[in-house]
Amino acid sequence: MAMSPGPLFLVFLLGLVVIPPTLSQDDSRYTKFLTQHYDAKPKGRDDRYCESMMVKRKLTSFCKDVNTFIHDTKNNIKAICGKKGSPYGRNLRISKSHFQVTTCTHKGRSPRPPCRYRASKGFRYIIIGCENGWPVHFDESFISP
C-alpha cells in the first residue's frame with residue numbers, strides 16, 4: 001500500500017515555492033535602496049563627491065534630478081522601519097533622530113550625461129518606505145522646524 005503525502009507536507013512544499021520569491025523580491029528592493037541611498041563613510045561631500053557617486057552607483061544613464069545618500073549604518077537605517085521610526089503618511093516611516101545626509105541635485109539643463117551635481121549636506125530627519133521591516137524607498141529628508 002503506497003502512502004500519500006500528508007496535508008502538512010504539502011503545505012510545507014507550497015511554502016518552499018511561495019516564500020523564496022517574496023524574500024528575493026524584498027532583498028532586491030533593499031539592495032536597490034542601498035545602491036541608491038547608502039554610503040556609510042563618504043570621502044568628501046562636495047560636488048565632486050556627488051558626481052563620482054552618481055556614476056559609481058550607475059544612477060546617470062539619464063541625469064537623476066535629485067538623489068540623497070545617507071551616511072550611517074545599515075542597522076540604524078533599517079531601525080527606522082521599527083522602533084526608531086514613526087508612521088508618516090501612507091506606508092512611510094519618519095526617523096526619530098537626524099541622519100547625516102548628502103543630497104545631490106542635478107545642475108545641468110540636459111537630462112543626458114555627463115551629469116553635473118550640486119551637493120548639499122546636513123543632518124536631517126529622513127522618510128523612507130519599508131516592506132517587511134526593510135527599507136526599500138527613500139522619500140525625502142528635511143530639517144525640523
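Any Cβ shown, glycine's included, is placed from N, Cα and C.
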Among His37, His106, which is the one Swiss-Prot gives for the Zn(2+) site where Asp65, His137 also bind? His106
Cysteine from Cys63, Cys81, Cys104 that Swiss-Prot links to Cys50 by a disulfide bond: Cys104
Using the record from Swiss-Prot, pick out the residue from Cys81, Cys115 that is joined to Cys130 by a disulfide. Cys81
Give the range, chosen from 5-9, 55-59, 75-79, 140-144, that Swiss-Prot lists as motif 'Nucleolar localization signal'. 55-59
For Cys50 (disulfide bond), the number of neighbouring Cβ atoms whose distance to its own Cβ is within 10 Å equals 26
Determine, to the nearest whole angstrom, how far the Cα atom of Cys104 (disulfide bond) is from the Cα atom of Asp65 (Zn(2+) binding site). 8
Kindly report the helix/strand/coil residue split of the motif 'Nucleolar localization signal' (55-59) according to DSSP, in that order. 2 helix, 0 strand, 3 coil
About how far apart, in whole Å, are the alpha carbons (Cα) of Cys130 (disulfide bond) and His106 (Zn(2+) binding site)? 26
